[in-house]
Amino acid sequence: MRLYISADIEGIVGVVSRDHLTPEGFEYERARDWMTDTVVAACEEAHDNGVEEIVLSDSHGNGQSIKIERLPDYVQIVRSWPRPLMMMQGIEVGTFAGAMLIGYHAGASHMGGVLSHTIGGTAFHEIRINGKVVPEAGINAATAGDFGIPVILASGDDVAMQEISEHLGDIVTVPVKWAYGTRSARSLTPNAAHEKLRAGVKTALSQIGSMQPLVIEKPVLEITFRNRLPAEFLSYLKFVERTDGYTIRYQADDMVDVSKFIMFVLGFNSQLTF
């Protein structure tokens, strides 16, 4: 059995502020350790329950947050950017029994949650698919759905777990901290979080046969930016419609197409210097 894992950092135990997110932060290296140890705990428990191979996406920041020398040998890791499938790159290689989203957070327009954002934290205010606001977890689960792969577990803060359940239904959710605000939370210790995650992984794998992939056909993608310029420039493309000062609409072929388009938009937006 093969398993796919997409790991982010904002939903990792102990992570609460920008000092945990980038190399400039005084606790960044500790956050990398917490993230790595969390992923290793999930991988080890999965392996103990019949998973023979794991493909892991390092999905935070520069895509080089997880310390790969500490990963088990049955894990392959996807690192750095750009990637056509963004946080789900590698899921297209072979077949997987299921996918797990570890260290996830709530979406940008959600009122609660620790360090909430949607993919491009400084670029996007909101992303909608077929008129419904979706967080990263919803986008990524639907991308997995294009390959017939169900998401079976998610971990992060309590607000993210509630939001993910609303989008993905009855999957196993593992809250490891409880949000007080954008940059504050009550958190488990790493050891306690790892034990809780291990129990969740075991449960998720035991019911994997009953889980269904999230499939979105003919997705219409809408992106609302924090700045007007990206919407203005992207509207010059004949296949992109600008619906208001900050929003564009794109009719995609499938969720793989959605991922590629968002990746392009992120790269394009990062080059705007006006």
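Placed from the backbone N, Cα and C atoms, the Cβ positions cover glycine too.
Copied from TrEMBL, the annotated features are:
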- D8, H60, H105, E136: Zn(2+) 2 binding site (BINDING)
- D8, E10: Zn(2+) 1 binding site (BINDING)
- H117: active site, nucleophile (ACT_SITE)
Rounded to the nearest Å - Cα separation of H105 (Zn(2+) 2 binding site) and E10 (Zn(2+) 1 binding site): 6
Nearest-integer angstrom distance between the alpha carbons (Cα) of E136 (Zn(2+) 2 binding site) and H117 (active site, nucleophile): 8
Pairwise Cα distance for E10 (Zn(2+) 1 binding site)/the residue listed as 'active site, nucleophile' [Å, integer]: 9
Neighbour-count leader, CB within 10 A, binding-site residues: H60, H105: H105
Distance, H60 (Zn(2+) 2 binding site) to the residue listed as 'active site, nucleophile' (CA atoms, angstrom): 12
Secondary-structure category, per DSSP, in which H60 (Zn(2+) 2 binding site) falls: coil
Residues near D8 (Zn(2+) 2 binding site) in space but at least six apart in sequence (CB under 8 A): S59, H60, M87, L101, I102, G103, Y104, H105, E136, G156
